[in-house]
Structures are given as C-alpha cells and as structure tokens.
Amino acid sequence: MGDMTSATLIPSVSFRDGSEYPQLGLGTWKLRGEDAIRAVRAAIELGYRHIDTAALYKNEEEVGRAIKEAIAAGDVTRDELCVTTKLWHTDQGADKAADAFQTSLRNLGLDYLDLYLIHWPWPSAGKFVATFEVMAKMQGMGTVQSIGVSNFFPDALDELVAKTGITPAVNQVELHPGFSQESLRAYHEQHGIVTAAWSPLGQGTLLENDTVRDIAQATGKTPAQVILRWHIQLGNMVIPKSQSPERLAENAAIFDFELTADQMAQLTALDNATGLGRIGPDPLEFPDPEGN
Ligand SMILES: NC(=O)c1ccc[n+]([C@@H]2O[C@H](COP(=O)([O-])OP(=O)(O)OC[C@H]3O[C@@H](n4cnc5c(N)ncnc54)[C@H](OP(=O)(O)O)[C@@H]3O)[C@@H](O)[C@H]2O)c1
C-alpha cells in the first residue's frame, strides 16, 4: 500500500514495473449503454480514478465516452486516471493480440492504456505465452503502461514467467469472503504480483451473510463496506461494480475505519462455511479447448 492521493483519499498499490494504481476501482461488467456512461461519470465525480473494463463487456465505447466527458467537464485529467481492459481468449495468439489491443484502444478513444490483462489463461490452447509477448511489445512502445493477467493459477504463472522472462504486474482473480484464495495470494506475494479481486462482493450474494452483518453492526458500517475493507487490509486491489451513485459512494467510504485482527480472521474463515466458495468458472477448465 502506498501513499494517499490528495484528490481521492484512495490509497495506491505499487506495481513491480514502478507504476502506482488506485487500490479501489470501478468494475463495469454488465454495465451497458447509458447505464455504463452514467456509472463511470458518477464514479469519477466521487473520486474513483481506476476503471476496469474488458473487450468482453461490450462497453469500452461507453467507458471511453464517459472518460472523455469527465475530462471535458474538468472533473479529472487523463493522467490522473488508470484504465484497465482485457484481451478475450478468442483474441489470444501472436496473430490476433495486437489487433485486439488496437481495437480496445480505439473503442475507448484513448491513445494509451494503463493496464492490459489476458482475461483467461485458456491453458488447453497454449497461446498465453505468445499473447503476453505481444503485450510486452506494446508496453515497450509505450501504448500500455503495465501488463498483467487474469484468472491465472500458479502453473500458468510459472510457465509465463519462465518462457517470457516477464512477471505480470497483476493477476486479477475471483476473490471474496468464502473464496479467499489464501495460497494464490501467498504465491503472488512471493513473486511481487499484485492481487486484484474480481466479484469482491460475491456479486452481492455475501451482503446477507450473518458473519458479515454482525461485523457491520459492530463497526457501524454497511456489509459492503466491511467486505471491501477486508480486501483492502489483505492488500488486494478491489473493483466493486455498482450502477447506483449512492452505492458507489458507500463502496469508496472504507478508508476511515479498520477491522480488528479477529474480525479479519472471522471473514477469512468463511472459506470453511457451507454454501459459499467459487462463483465463476474454474480457470483450469474454462474455456474448453474450442474456446467456449
Ligand atoms: N477478470 C474476470 O474474469 C472478471 C470476472 C468477473 C468480474 N470482473 C470484474 O470485477 C468487477 C466486480 O465484480 P462483479 O461485478 O461480478 O460483482 P461485485 O462487484 O462483487 O458485485 C456487484 C453486485 O453487487 C451490487 N452492489 C454493489 N455495491 C453494493 C452495495 N454497496 N450495497 C448493495 N449492493 C451492492 C451491485 O448492484 P448495483 O449495481 O445495483 O449496485 C451488483 O449487483 C466486474 O464488474 C468486472 O469489472 C472480472
């Protein structure tokens, strides 16, 4: 965890390549059309400086439009923003990756990107090494500041680093109470990779959990704030999605309280609770060899 930025009071994490990235960002999966534009504008007004999208989300144009509007309105400057997008697995490989990157950049209306991720390793296709080499070339040319991966597991990370000589800045993985990814986080820490948590609120399902609600009551915070604070104290980057300005504000108001070691442990122990656990696909099996 780095310094507080004066504009936002959102702390930064440091990447191994020297870049700083806001620890809290806005997730945009399922935000489409005007909803996406409104959410990104509202988030920037509230002080969010980190936006997470993907080619898959079909909202890069709207995210880009909102960024352009926010800059025109004087809410923010381009260099204050950190924009992440991701390369979908059907665009993996030396022949397609460069075009996919240029398409995302054009859709976003940006002349450089802050962070580009391989969305899923797709181990059965055997293309992530070639894909990452293309991304490294883009980074060398200065069109992307940092490069990383998503949904990678230790064997895939080992292979990537061994064959490219480059350690990704970030691995963005499913992570929330009930699925705390303890061993993967330890691996990341050992290798200087920042852990980014997707579906940090368990897609909303964890907000009714009794342990979460008890801690919310004890701290005078909301269930979402308790969960997001747990992520922050673990050192995760975290990208909750909301389309509501009130909930966007709520989710960012997590830097003025601290969970005790016991409260942290209670939340992490939800890994052993029944009915919780992984929500999304297992990256060892998804996508299938055909890319579906
Ligand atoms: N790399 C990957 O493979 C991958 C996979 C999945 C997701 N992601 C990224 O991670 C981001 C976050 O994950 P996610 O969108 O799946 O789920 P999430 O952020 O865990 O949860 C979002 C859900 O929680 C609700 N919510 C948000 N804040 C709330 C609050 N304070 N109180 C009550 N409800 C609240 C939202 O509803 P409202 O919008 O109505 O507030 C929405 O239904 C995505 O948007 C995407 O950017 C990446």
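Placed from the backbone N, Cα and C atoms, the Cβ positions cover glycine too.
Feature annotations, reproduced from TrEMBL:
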type: ACT_SITE; residues: Tyr57; note: active site, proton donor
type: BINDING; residues: His119; note: substrate binding site
type: DOMAIN; residues: 24-271; note: domain 'NADP-dependent oxidoreductase'
type: SITE; residues: Lys86; note: site 'Lowers pKa of active site Tyr'
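Feature annotations (TrEMBL) mapped to structure.
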residue: Tyr57; record: active site, proton donor; CB count, 10 Å: 20
residue: Lys86; record: site 'Lowers pKa of active site Tyr'; CB count, 10 Å: 25
residue: His119; record: substrate binding site; CB count, 10 Å: 20
Key: Three-state secondary structure, which DSSP defines for the residue listed as 'active site, proton donor'   = helix
Inquiry  = Helix, strand or coil by DSSP: which one applies to Lys86 (site 'Lowers pKa of active site Tyr')?
reply    = strand
